[in-house]
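What TrEMBL annotates here:
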SIGNAL    A:1-18  signal peptide
DOMAIN    A:3-105  domain 'Fibronectin type-III'
DOMAIN    A:117-214  domain 'Interferon/interleukin receptor'
TRANSMEM  A:223-246  transmembrane segment
Amino acid sequence: MGLWTLLLLLLLLAVCVSLPAPANVSITSYNMEHILRFWPDLRTPSDARFTVQIHGTRKQQWKTVAECAELTARQTCNLTSKLKDTFGYYVARVQAFRTNQTSSWTTSNLFHPLADTVLGPPEFSVSGCGNCLVLQVRDAPGPLLYQEELKDLHTEMELNVRRTRDGAEFKLKSHQQEIVISYLQPGVEYCVSITFMSFINRNSVPSEYRCAFTSPPPPQHTLFLVLGLLGGVTLLLVIVVGRFIFSRKVKNLHLPCMKFSSQSYTCLKSSLTEEDGVTT
Amino acid sequence: MLALVRLCLLFVCLTGSAAEAELTPPDDLFMLTLNTNYTLAWDWDQSAAGSDSATFTVQYAGNHSLKKRNPKWTTVCAETSGRSCDLTRSGLNYLGLYVVRVQTNLNGRHSVWKSLQFSPDKDAVLGPPSKVRLGVSGRTLDIFITDPQNSSNSSMKEHLNKLSYDIVYWEQPEDGKGSMPDTTSTEANVVTLSSIKPWTRYCIQIRSRDDFYNKTSTFTAPLCAQTEGVVPWWKIFMYFLLSLVSCFLMVLLFLYGGHHCFQICKATFLPNEKLPSYIKQHEGDYPRLIVSDYESDLCDPVIVCPESAILVINPAVDSAAPPAGLDQDRSSRHSRQNSSSSGDSGVYSAGGNSGGLQPKVASTFTDVNPGFDSEKLNMLSMNSEFKVFPAVPDEGVVDMEV
């Protein structure tokens, strides 16, 4: 009887003092780089370690990831080379452990490498060709292991073309690295954004809008012409009015004529005789 | 005997079955489609039933399920009296292959099923673009195309990935014949035609197309618009100048007209000239020039003499007091007395000498006249009371009144 109670007490003790399992486990992927992240429970002691196991659809058993057998709380586990079956589904689980204690397992979400990975924005350049635009898409980086798969994922693209002056936009689909968008208006600016969009993967980050002119914009000579004409006419008016006011002032102040030519003497004399005629 | 009875029975059975004739199934099964709207239509011969009206049942199933022992048929229209059934709401997959079947029902009897194999991707008709809009920007033409819509009002591009548009455009002046049409093909929804002429009217027609099963829609109704272009600089200059000149002329005319009106009004209601004060003196009376009734007040006898005679007769003229400072009307009287006139020969005789001297009817002695110097000399000589008798043979005596 005593032995049983002792055993019961020991069991209870083990349960009460056991480690809490990690709170959250998730597998995220960016450009086919798969990373496992976990968040330990708040009550987990700081000296606890964590171990990771994965389980695929082909092999129905849990396999410990060798590099992630003893992780600290803040570390992550790189599963890029472990999830080789790109069309299969994987599940991961994490357990906390100390010298004599282990916690229960926390499992992650179901992960499909090709479908759930997030593809980064495509790198491309835009240039104009008269009434069209030429886009050159560059190869996106990724782990060497999955170059073929990435190439497949990067084949189908959706272009979002937008005209700057009035905001008219439309979508186009393409699967080539050199894309020509034709039937555009020459002499205006268009902005393009590309997103990877294949049947299997719809989690692509759209790229930034890149803008270019289809052809150099025509020079705005109309405005200059109108401004020039207005300026010319204003100047003419100013000259005419100024001359009118000036000549009037000359008459009122009896100023002698300024010497513009050799006829100054004649000018003075004629003004004087005029005066005589007025007063007598 | 027995054989005869059997034969009779067989005959009766046969006639009996003949009387209860086989119910004819519907025929001419036909699928009427547009985008994702599907309608099954059939025909059935009414004459066999007589006056009774038959009803029809329509069912469909996936082609793959027919291979099973118990294919799952979904009823779309049960006991419908019309000759058509709408399968749009049945949720048929655009890429699927289905078998649709119809059966006639009359008085509890059913005909055999008549079926039709149907795949929307292969058989459904593609509709034209749902909306086309034209925009003009300079010398280019913008075409805004809206995709054909499926039954849930979303784009048909969801089902047909490579949906493209054929655009036919031609020159169409308002009064005249159109030119040969050009065709372009595009997948985009915004197309800009740039290889067209400016200041020309164009019409367009569009149809949608999918190349996988060579589906083409009907053309939309023609839409027309006129392109614009760059205005040549000399035209701008001409318009500017014309508007400037016309504005200037109008303003000038307006100002001149206004000024003229103002002047007229001012002259009419506020004249500058003022009436002399002695005319205005009599208030209430009409203004008159002659204010006194007595002739002696009004009139003064005036004698006009030739100049030389005046100088002789009136030596008392004080030359020290030059008449230049006298009043205008008083001095005029004196000067009239003193002056001579060669024209009035009735009062005095005008001599040859006096004829040489000009009559001085002017009011002041300060007229600038080089000929007057001789007269001044004469006056001075008078002051010294020295009588001068010029040699004038014809001079007469002049009566003077002071």
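Cβ from N, Cα, C; glycine included.
Keep in mind that TrEMBL annotations are predicted by a computer and have not been checked by a curator.
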Would you mind listing the long-range same-chain contacts of the transmembrane segment (A:223-246), meaning Cβ under 8 Å and 6+ residues beyond its ends? none
Given the model, what does the mean pLDDT over the domain 'Fibronectin type-III' (A:3-105) come out as? 87
Residue counts for the domain 'Interferon/interleukin receptor' (A:117-214) under DSSP, helix then strand then coil, are 10 helix, 44 strand, 44 coil
